[in-house]
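Trainee: The feature ATP binding site is assigned by Swiss-Prot to Lys9, Thr168, Asp169, Thr210, Gly211, Gly212, Met213, Lys214, Ser215, Lys216. Per Swiss-Prot, the feature substrate binding site maps to Ser49, Asp136, Asn148. Look at Swiss-Prot and you will find 276-350 tagged as domain 'PUA'.
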Amino acid sequence: MKKQRIVVKIGSSSLADSHGGISKEQLSDHVAALARLKEEGHEVLLITSGAVAAGFSALGYPSRPVTIKGKQAAAAVGQSLLMQAYTEEFRKYGIVTAQLLLTRSDFSRKEQYSNAYATLGELLNRSALPIINENDSISLEELTFGDNDMLSALVSGLVSADMLMIFTDVNGLYDKNPQKNEDAKKYYFLPEVTEEIASLAGDAGSKLGTGGMKSKIDAAKTALSLGVSVFIGTGRGQEKFVDVLKGKGDGTYVGNAPQKEIKMNKQWIALHSVVSGQIEIDAGAATAIIQHGKSLLPAGVTNVSGFFKVGDVVEVMTQQGRVIGKGQCTYSAEELREIKGMQSQHIQARGERHNYEVIHRDHWVSL
């Protein structure tokens, strides 16, 4: 089997025991299956939930806390317990683990984003297994936004993974809720995530997790857009992840032939950057960018809105107000207002700092 880079996401419901805590049996089962992937020569990254589940009982909560401060306190205690449990299990297979705790803001800051990319790359080069969780004790997003589903999609894109496996307590996607409808039809393969498929998923999560099927479908759509194929399902035993790669997984495969992967810098611009202003361009410039893949030149700029610095990300819109993309600007807003609409030779004649492009095509993404 060809060596692949695999991101596996394990949710709280796939780790929990009957009391809502972490099941050692479940965790051991997952680790054994992850070790088999490594044994087959694949590179593996693990996105794991479960910090709250691992920590709430140690703080005296009778069940998973419902308040934000309770969840974050439980996560602060549980993260070290969860990591300790993983480390001890992986040690049995001679696998070195590494912990990364991320927040959504780490993705929006380009320097942190680049550092995460470099760190993960070095860990994989050293045959370590990165274990990634959202920093639950200080981050609100993981506790209210998808049980790490979207984090797993973003990480899979960041590392140019071949496949994202989202493991949960439901064996795939259905056209109806299978727990309430006996005639529910299971989707074994979906070439893409359509609006119809997205509308079928409810928001409700399981009792022990925060991510329902909707968050998993959203994550699958994001991963597919980044060139990563997806599996959503369940399974038990040492071969369950290897079986997914063989097409025998108990769930739904999403995505047809792999799409072209998106470079790290363009991923950051498309998904994580903060827009600092807007640039309006004429029809000729819009055609050159969209249809011919050209860079944006000062001559095509008709208006500048906002206050931004060199290197900030701006939206680009047509004169009819339609946003067509965004990119990193090589001029500040003040500089661009001075030279908008001017030909390159006229800018040079002014004797001012001159870049041929306002936005280079390597730092541009279409929307």
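Think of each number as a place in line: the chain as shown, counted from 1.
Every residue gets a Cβ built from N, Cα and C, even glycine.
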Trainee: Find the one among the binding-site residues Ser49, Asp136, Asn148 whose C-alpha lies closest to that of Ser215 (ATP binding site).
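Mentor: Smallest Cα separation from Ser215 (ATP binding site) among Ser49, Asp136, Asn148: Asn148.
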Trainee: Which of the binding-site residues listed here (Ser49, Asp136, Asn148) have a Cα atom within 10 Å of the Cα of Lys9 (ATP binding site)?
Mentor: Ser49, Asn148
Trainee: Taking Ser49, Asn148, Ser215 as the binding-site residues to compare, which has the smallest set of other Cβ atoms within 10 Å?
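Mentor: Ser215, out of the binding-site residues Ser49, Asn148, Ser215, has the fewest neighbouring Cβ atoms within 10 Å.
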Trainee: Identify, among the binding-site residues Asp136, Asp169, the residue whose Cβ has the fewest other Cβ atoms within 10 Å in this structure.
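Mentor: Relative to the other binding-site residues in Asp136, Asp169, Asp169 has the fewest Cβ atoms within 10 Å.
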Trainee: Per DSSP, to which secondary structure element type does Lys9 (ATP binding site) belong, with helix, strand and coil as the options?
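Mentor: Lys9 (ATP binding site) sits in a strand per DSSP.
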Trainee: For Asp169 (ATP binding site) and Asn148 (substrate binding site), determine the Cα separation and express it in whole Å.
Mentor: 15
Trainee: Would you identify which of the binding-site residues Lys9, Met213 has the most other C-beta atoms lying within 10 angstroms of its C-beta?
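Mentor: Comparing the binding-site residues Lys9, Met213, the most crowded Cβ belongs to Lys9.
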Trainee: Can you grab the distance from Ser49 (substrate binding site) over to Met213 (ATP binding site)? Cα atoms, rounded to a whole Å.
Mentor: 16
Trainee: Take every residue in the domain 'PUA' (276-350), average their pLDDT values, and give the whole-number result.
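Mentor: In the predicted model, the domain 'PUA' (276-350) has a mean pLDDT of 94.
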Trainee: For Asp169 (ATP binding site), what is the secondary structure by DSSP, using just helix, strand and coil?
Mentor: coil
Trainee: For the substrate binding site, please report the maximum Cα-Cα distance among Ser49, Asp136, Asn148 in Å.
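Mentor: Answer in Å: the longest Cα-Cα distance is 10.
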Trainee: On the three-state reduction of DSSP, what should I expect for Met213 (ATP binding site)?
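Mentor: Going by the DSSP assignment, Met213 (ATP binding site) falls within a helical segment, counted as helix.
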